């Protein structure tokens, strides 16, 4: 029952290991390797995260710098077009449009200095628009934004226009225009130099004009003269209505947004004296339609309100090669939809369409709204861009 005592000379029994000795012993190698590996991975991950963060900052700064370059390029492009453009013939209003404004007599209109010369070698009449002074103030601020439209009757379509001079009643133009006309035909022509006040949001008011029968001019030597402005006769023409829309271009995203806002005084197309108008918006490139959008139909109205936005992808290097065309049509449930009028904007369009486009480019990311007079559908087709 009791263990036998050890006999002399026999080996002593083994004693159990002491746990305190194990805790004080050496750590196994695999544990150290695991700890070192984990620490290394942690340090590597931290360094990698910091590296990626710095790379993102650099890329962000680079893209921001590129965006600034795009914005500056587009702004300069827009400014280069602004001074080259003037309103279309259809937008000129010979009568003052300010409320309560009376027709000014010739003593209040101002006067114009011009020059005439004929180049017998090239068969060209050279008309110089030098300056004007004492022009009538047609703006609310007591000033005007004058420019001069020059043409030879009976041809009203072949016009030249000076630049618009902002907020002045004494503009200095200093511009010369050439009309290729055989000398034997000049006697039957009448030179018209009409001074207008430019208005972005309405029709342009006629300040006055000078008419010079060419039969009364001796072109054997250059002529320079001052003439008092006369009241311009009102030209009757079919009114198709006006449309207001805004343009917004974001160069960094290559995004063009057209917002069709409203139209007014549209031509009556239905038997009942109204119309069911809607607007088609086309993006053209090289004279060909590449994208098409359209608004909703507004029933029984000549003054529709839309406020509908349409976006097109236009890369920055293509913005000079595209045009936007807006056509107002009358919806007909039973027959063919009939076009009321059309307007186009772009660098190859000219007139108010070019001015609106140039203002959009000069103010990237900002919507630029403007009223446009509708033109007959067969006369508003944009010119293909080069």
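A Cβ is built for glycine as well, from the same backbone N, Cα and C atoms used for every other residue.
Annotated range for transmembrane segment in Swiss-Prot, selecting from 25-45, 46-66: 25-45.
Listed as Cβ neighbours of the transmembrane segment (25-45) (distance under 8 Å, sequence separation of 6 or more from its ends, same chain) is no residue at all: none. For the binding-site residues shown (199, 276, 330, 332), fewest C-beta neighbours within 10 angstroms: 332. Within 8 Å of the centroid of the Cβ atoms of 270, 276, 330, 332, where the record puts Ca(2+) 4, the same chain has further Cβ atoms from 269, 274, 275, 277, 331, 337, 338. Compared over the binding-site residues 205, 270, the count of CB atoms lying within 10 A of a residue's CB peaks at 205. Residue 330 (Ca(2+) 4 binding site) sits 28 Å from residue 199 (Ca(2+) 3 binding site), counting Cα to Cα.
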